[in-house]
């Protein structure tokens, strides 16, 4: 398509304008080739005829579509030219408040002259690790790209920051260095990154000054190399400086200042340490008052001085050296006040005892006479003699100023040298990133040597820039295999040759400086003779013979030759320097000590700037004459050498460019001056980049992006499986000229304007579709309107016609009414006459008919009464017959039912006699009643005890109060008695200490007795081991045995009686004798076995009785004796045996009952063989059915017990709550009393203090009482255990008697069953040896694999095992073992997390187990607040000896650390997924349109392999949740983790949304809303909606809503302000500024609307911070979660390798 075809009606173009540079206009008619004039209409509505150039006939540049305006990258614009670049920068800067814009590889930074909140650490974290094209333009993005390329490509990098004064170069370089310091950190503990940043205040104070364009203008160029090690951490830095403006030391223009350090010194003159400097106000010194502006608004020079001194200290410059620096600077100020008096025209003198010179000499440590002499004289040396010549006053002033400049330049060099030493790397440097902060192209009304050097440096940099851009373009084309054609770009090598080549400007200048009588005029003539008319870049001004013009790449510059030679020579009198070298002040000679060996890098230049080489080089030996030769090097020569060295460094690195633009000359915030901006864009090379890019194929699309964007231009048949071929086919149809595009390997390359053409076709297609939609909708609306109108017309017609019909009907009704009236009148007359005749006739008929009717009525009445009498008689007879029959039937039924009831009663009586039936009905009732009664008794006792305590306390309180009131006066008079009481307390404490010592002695004696007893036990004979029993215990056992024998005998009698009854019943049932015989035979056999076992127990008891009678020695039967222990062991074994027998009886009973329920009685079968066959079948199914039925019974029993325990726990909870409430009330009352006491006068405070002391003693007494009660509880607990043992013995005896009963007889034989033996009753403890502790920690913590444990074993198993080990150590009262185990456990967990701390499963597993361990320590601590959640069995497992509250706190802290580490692991895993899944990926395909992008391609929204999607995030969330659930993590803790995860997702998504302009569109808001709804659905699926996670997404939800709502009217603004309450004002304004339409049908947000929002939100008090803190971690809590798992049931799997642990 020809370019002229785009100039159609309504096309918009740019035309030149003298004020605004470029104006926008619209074509009023199509352009046709050959037209000389374009009909245009400006934006203000004015029509204009634009004449084309008759020679070039060049058309005005086209304007880009509105959707491309405001793009992040200027190369994304379809039309690449100057007005498009200028307009795009203006829109971003003014409307969107965006100061950064990409232009290919260049970052354009516009100075906002306002502090912006876009440089905080949160912004740095947001850009860290991101691709440069994925985020909005920023200096941090450039720094991150340089850092990433350094690490990826193993190549050094450079960031070149350029721009004119006031454009923000220094600030940009400072932020780049801050980014490196924050992201990389330092490799050592020396905080190198802090030192790198600390160099900025120092260099700004000595190298920056206020100018008319900038309050903090850098008056020198610098290149800082930041060194990195192999891990890419900062290890050091090195600084090179260029062209220090020395002339500013002695002269400042109007409204300008000298260097900041001088004003900082004057502002700090009042400090004690600065008294010796004899400083004063800045207006006192000649060198600081010339500009007339000694103060900068908003800057406190005294505070800046403090910052400068702190930075010097941080960089290792000692206080003495700092004072030396300040001394030299103060001397320069005093030197400027030195005045000269003229003797004659050729000589001058210094006034005698001149105060400024005296102060200068004192500060510098030199002789006054010598310095005053050489300030007014100079030495001339010839071949034979040396002359001392006086100089004029003007020359003396110039010499004084030259000396001041030279001292300052050397001091500047010395400070830079020391800064480099402080930043020098201590280890080997692996790579570096250089930051070049250098002046931009300068042109003024009068340009001299300074501007010449600056523009020369910019020519070199522009050449390097052009070559680099050209190289990148070539690499891109070659990579995509696009045919490469040379692009004609501006090569400024001829200009560089004009300056630096042989016989160039610098060469001729150096040659002229060597001439004895060289002058500026002669040098100008040599320039004219050499280059005029020979070099096209060199011109001579028309009106001057002392100036020349050079055509630079940016503009023509006219240089004035005056002063070039003097500034290039840089003359300083050697005699003055020699005087300074002889100074007694040691720092001053250091500044000049290297001048004789090698030229100092900061040698003064006439221009006032100092060129610095890489490092000062000191040769080992100086050859004779070398110093003089080196001194002859001119400033131009030195600058050229240092510039070549800089270019070599830049060429060896990968450059990154930052171009700083100054928007206006008045420092107004966010004000854009188009003229100034265009000048700088032309000067800094941005437009050259655009031109190079536009010369080739500037627009580049991937095939997928092209397909997604222009799918609307394709028909269904055009879409193929191969995207590349599809794009080729479509492009061949859309663009006929194949030179306008090229197909690469992965991208399509377009010429300039082709994307705009495609966008126009796409917009036309969409517009046609919109028109069709609008046509259809409008037609539907008009049809709907027509139908409404038609219906209305019909309705009106209907009403009119109805009205007419009603009028006609009214007429007809009136006519008919008149006729009717006439009819009725006539009828009335006739009817009246007829009525008289009729009345007479009727009267006669009535009399006759009445007589006849009365007769008939009498007859009918008699007949009716007869029928009623007959009816009642017949009914009575029928009812009497029915009652007689009913009574007979009921009598028969009663007889039959009585017979059946007797039969049933008989059966019930038989069943009622069965003990088993009785037990079945009343199972567990006695125990439950006893338990309930015992609980009631305990509660009554506790209530009574609490009531008594309360009464006692009240009585005590009242008595004590009364007593205290009576004793107040006595206590005031008896302070000595109080002291005596204190002494008595001390004596009591001593007695307590003595008692404790006696207690320890008693305990040691007890231990010795026990050791003696153990020794005695080994010495006893085996026969004597059984003869050890306490007499009282033996009597109790003997009495209990006799009682058991009596009970057994009674039960045996009852059993015999019931057996006789069963035999009688057996005789009546003749059909089943064989079966019952087998059953009785089995049960009798079992009973005999139990009786034999009982006899064995009796024999053992008899043997024990005999042993008692034989030996009754008190020492043997003592509780601690060995025989006593033997007896207790025997008693324990007997109890266990009784328990086993009891279990056997219970199992036998349950099996009999289950068989009875499983096998139905077969009453109709009389054949014995059939019954035997059925029994045989049941034997085949055997154990499975029995186990199942037994398990059902067990479950029912457990459920009933659980319900009863729950009720009891709830009752206890209510009672405890009441107690807590009463205690709170008592506490409040006591606090009130305390407050009242504090308000008492001083006289009553003694009474209050004594009362407080009495209260404390009372509380101590109460504590002792509580301890006594606890001991009583322990005694009662032991008594209860003894009762339980006795009860078990009794139940065993009863079980033996009740083992066989007639009620258990069933109709079929009972199979012999295997009766299992009950396992040992474990106490929920684990025992291990002390030496196995490390092995335990190793196997259970260090080498445990969480995945296997979580899948195969119970959750929290390691925690349970560790706690059971702690329980056993507590049971042994071994504090060392407890402490060692807990310490090893905590250290082991920390070691595992340190080793595998990045594994989510490991961290989750140990977080869950740490919390479970903590809960176990609480649950079994014995504290009532935790015990109320336990079962009675669990309360028996509470710790008894140690209070582990301190370790609980340590474990809680450890759990918090693990939780925080878990959050960090979650964040590291989710971080790469969030932006891609929540923002970039199109979950709803086709909603988000892909806009054209520039050189820095963004991440595609199409899901490729390896691209994270929303499904990836949800899958990861599912993985996290399942892992935490498998590990048994507390549900409340899972909720907190999920809340933290959702906060991270929301914060990271919102932060990236706020930093990415391409994501702020209507369609992206829709995508975000959908993604958030998917996350909410996940929360609902996991039942986590009440976790607070949804609320953390509220800012993101509101941001998405903000992208979708209407943004036009004041009502919309009010709705937005009320809707976005979770977003800050800065975030709302940022989203509105970033809002970008994706299609032409969307509208941009007006600036006025944003201002309205700001006005409405100005009263809202929220954080000014733009980004959310994605690193924020919510406070975590660990709610107490008791476990219902019984410790004694826990089994230790063999896979853990804990065979050395045994259950107790």
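Quick reminder: no glycine exception, Cβ is built from N, Cα and C everywhere.
The annotation ATP binding site is assigned in TrEMBL to 163, 164, 165, 166, 167, 168, 169, 170. The feature coiled coil is assigned by TrEMBL to 915-1005, 1199-1288. The annotation compositional bias 'Basic and acidic residues' is assigned in TrEMBL to 1048-1074. Positions annotated as domain 'Myosin N-terminal SH3-like' by TrEMBL: 8-60. Taken from TrEMBL, the feature domain 'Myosin motor' applies to 69-763. For 1383-1659, the entry in TrEMBL reads domain 'Dilute'. The feature region 'Disordered' is assigned by TrEMBL to 599-634, 1048-1080. What TrEMBL records for 643-665 is region 'Actin-binding'.
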Within the same chain, the residues 6 or more beyond the ends of the region 'Actin-binding' (643-665) and with Cβ under 8 Å of it are 89, 93, 103, 105-113, 139, 142, 145-146, 149, 153, 155-169, 172, 176, 213, 223, 240, 242, 434, 436, 440, 456-457, 460-461, 464-465, 468, 611, 613-614, 671-673, 676-677, 680-681, 684-686
All-chain count of other Cβ atoms within 10 Å of residue 165 (ATP binding site): 18
Identify, among the binding-site residues 163, 166, 168, the residue whose Cβ has the fewest other Cβ atoms within 10 Å in this structure. 166
Which residues of the same chain, at least 6 positions away in sequence, have a Cβ lying under 8 Å from the Cβ of residue 170 (ATP binding site)? 204, 208, 216, 218, 437
Applying the rule Cβ within 8 Å of the centroid of the Cβ atoms of 163, 164, 165, 166, 167, 168, 169, 170, what extra residues of the same chain belong around the ATP site? 111, 214, 217, 218, 440, 660, 662
Restricting to the chain of residue 164 (ATP binding site) and a gap of 6 or more, list residues whose Cβ falls under 8 Å of its Cβ, or answer none. 213, 439, 440, 441, 442, 660, 662, 680, 683
Per DSSP, what is the residue tally for the domain 'Myosin N-terminal SH3-like' (8-60) in helix, strand and coil? 0 helix, 24 strand, 29 coil
For the region 'Actin-binding' (643-665), give the DSSP counts of helix residues, strand residues and coil residues. 9 helix, 8 strand, 6 coil
Tell me the Cβ neighbour count for residue 167 (ATP binding site), meaning other Cβ atoms within 10 Å of its Cβ, over all protein chains shown. 26
Show which residues of the chain containing residue 169 (ATP binding site), separated from it by at least 6 in sequence, have their CB under 8 Å from its CB. 161, 162, 163, 218, 437, 438, 439, 440, 660
Over the domain 'Myosin motor' (69-763), what does the predicted model average in pLDDT? 83
